[in-house]
Amino acid sequence: MGQVYGFIIGWNRILSLTVGTACIARAWSYTFDSLTGNHISRGLEGTFSLYMPYYLAKYPDFFALGLVLLLMGLLVLGVHVLPQVNKVFMGINISVLSFIIVSGFIKGDLHNWKLTEQDYPLNTSESNDIYSLGPLGSGGFVPFGLDGILRGAALCFYMFIGFDSIVTTGEKAQNPQRSIPISIVVSVLICFVAYFGVSAALTLMVPYYQIHPDSPFLQAFLHVGWGPARYVVAVGILCALSSSLLNTMFAMSWLIYTMAEDGLLFRFLAQINARTRTHIKVIMISGIFAGVLALLFHFSDLMDLMSLRSLLANLVVDFSVLVLRYHSDQNLSKNQKTEEESEMELVVKERSLDPVPEANISRNLKSLWFPASTIPTRTSGQIVYGCAIVLVLLLIILSLILYRWPSQVFSGDPVLTTVAVLLLLLITGVTAIIWRQPQDPTALHFRVPALPFLPLVSIFVNIYLMVHMTTWTWVLFGIWMGIGFAIYFGYGIRHKLEENTEQHTGLHLPNAGQKHP
């Protein structure tokens, strides 16, 4: 897809790991604080809440900052989690999740999925929980309607991250083209089942408007009268979070080091300490940045930012799948062309000699629906690329209209409904043009089915969920992307071009004593 797309994905992956580190540190702090009776948070909030701006957390979480700095020091010294330890912590994590799910279905009450507005005063009067009186909604199984479901899906999209780690281990797989897609699909299903089961158990144990915002599971066991069980759950959660935190910080430093070594980030970040054999500068810079995020930002703001990043990454992947399936084979050398492409070049040369420009325009328009080749060419690839960009723009406009004025659109407002119908017609037409273009016939073990319709639906879902994110989340994400583009266009693209030029020169000017096959 090109260097820009690669940098966008890499830069957003850094954001995901950095924010993920801050989120895990905050979650660790919340869990430990809950075990102490919330004395730490109450003390910090009482001391610093008056000095914190409204767009930051209610209090600075020095405990989370200290935890990140501690693990940063361990990474600087070369400490890392052994695979055996990872397996033990993963077993503990799965056991805790299973215990929560089973407990929820044992102690849960189906009435919590059928609450009415009459239940709110009764539950509120009987509860001394200071975290009650949250958003009440209209009751029932879907108290906040379809808009609440979409908002929740956008917020919880952070759960579907980390699957790129499977791809990075592809070189170790015996049959990666088959095993990687299967592994990703199975992993996504496991994550879905885990989150679905835990969410169902939690909402069965506690009315949804009384769920504790910071430590929901521990307070849920108190709510159902299983107080001692919360200590077992807390220990399991802390073990799982500790392992995840150290692994996330290690992956974060390694990604920054790799991009710096590739020339996309500053070269000094690619230096390795000779004594500890670690990336000390990268570990310290990324660790301090993650620690500051954990110190100042609220957990929900960090999760929103990570969800937005995940949605954008999925959007780029969907766009790439759509473009590359209709792209010409990039593995062919410049001197190697298929017979059909050679014939196409002759046709293009003949058309260039045609004195009638209207005929050229007519032929170009005709090629949109009747391509001259049965395999992808440069022209067909450019057509698909341009149409894909137009599709994204049209879907953005449609998503904004459906988000801002959903009731007016579906109730038949003459202006908004007409605009929505016109957008759908344009989207259908552009999709049909892409569908008519030839696809890459290369045989693969796994190919995304139902092109171009499946990527189109996925792009729409990602965009529609993205527009549900808060303005503050978009501001933070815009600042991050602005910093990234400043680094890329001010430093990365220039150094990457110089590196490519040197490699190209080296290929044509070998050393005198170098032997070549």
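Backbone N, Cα and C atoms are what each Cβ position is placed from, and that goes for glycine too.
Features reported for this protein in TrEMBL:
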{"type": "TRANSMEM", "residues": "62-81", "note": "transmembrane segment"}
{"type": "TRANSMEM", "residues": "88-106", "note": "transmembrane segment"}
{"type": "TRANSMEM", "residues": "141-161", "note": "transmembrane segment"}
{"type": "TRANSMEM", "residues": "182-211", "note": "transmembrane segment"}
{"type": "TRANSMEM", "residues": "231-257", "note": "transmembrane segment"}
{"type": "TRANSMEM", "residues": "278-299", "note": "transmembrane segment"}
{"type": "TRANSMEM", "residues": "305-324", "note": "transmembrane segment"}
{"type": "TRANSMEM", "residues": "383-403", "note": "transmembrane segment"}
{"type": "TRANSMEM", "residues": "415-434", "note": "transmembrane segment"}
{"type": "TRANSMEM", "residues": "446-465", "note": "transmembrane segment"}
{"type": "DOMAIN", "residues": "446-496", "note": "domain 'Cationic amino acid transporter C-terminal'"}
{"type": "TRANSMEM", "residues": "471-491", "note": "transmembrane segment"}
Of the stretches 182-211, 278-299, 305-324, 415-434, 446-465, which racks up the most C-beta pairs under 8 Å with the transmembrane segment (62-81)?
278-299
Restricting to the same chain and to residues at least six past its boundaries, which positions have a Cβ under 8 Å from a Cβ of the transmembrane segment (383-403)?
315, 319, 322-323, 326-327, 367-368, 409, 416, 419-420, 423-424, 426-427, 430-431, 433-434, 437, 456, 459-460, 463-464, 466-468
Is it the case that the transmembrane segment (88-106) and the transmembrane segment (471-491) touch, counting contact as three or more CB pairs under 8 Å in which the residues of each pair are 6 or more positions apart?
no
If contact means at least 3 Cβ pairs within less than 8 Å, sequence distance 6 or more, would you call the transmembrane segment (471-491) and the transmembrane segment (305-324) in contact?
yes
Using a threshold of three or more Cβ pairs below 8 Å, and leaving out pairs closer than 6 in sequence, do the transmembrane segment (446-465) and the transmembrane segment (141-161) count as in contact?
yes
Under 8 Å between C-beta atoms and at least six residues away from its ends: which parts of the chain pack against the transmembrane segment (278-299)?
14, 18-19, 21-23, 25-27, 29-30, 56-58, 60-62, 64-65, 67-69, 71-72, 75-78, 214, 249, 252-254, 256-257, 260, 268-272
For the transmembrane segment (231-257), what are the same-chain contacts with Cβ under 8 Å, counting residues 6+ beyond its ends?
10, 13-14, 17-18, 20-21, 24-25, 27-28, 31-32, 34-35, 67-68, 71-72, 74-75, 80-81, 85-86, 89-90, 92-93, 95-96, 99-100, 165, 217-218, 221, 265, 269-270, 272, 279, 282-283, 285-287, 290
Let's see if you can do this one: DSSP helix, strand and coil counts over the domain 'Cationic amino acid transporter C-terminal' (446-496), in that order.
40 helix, 0 strand, 11 coil
So what's the mean pLDDT when you look at the domain 'Cationic amino acid transporter C-terminal' (446-496)?
88
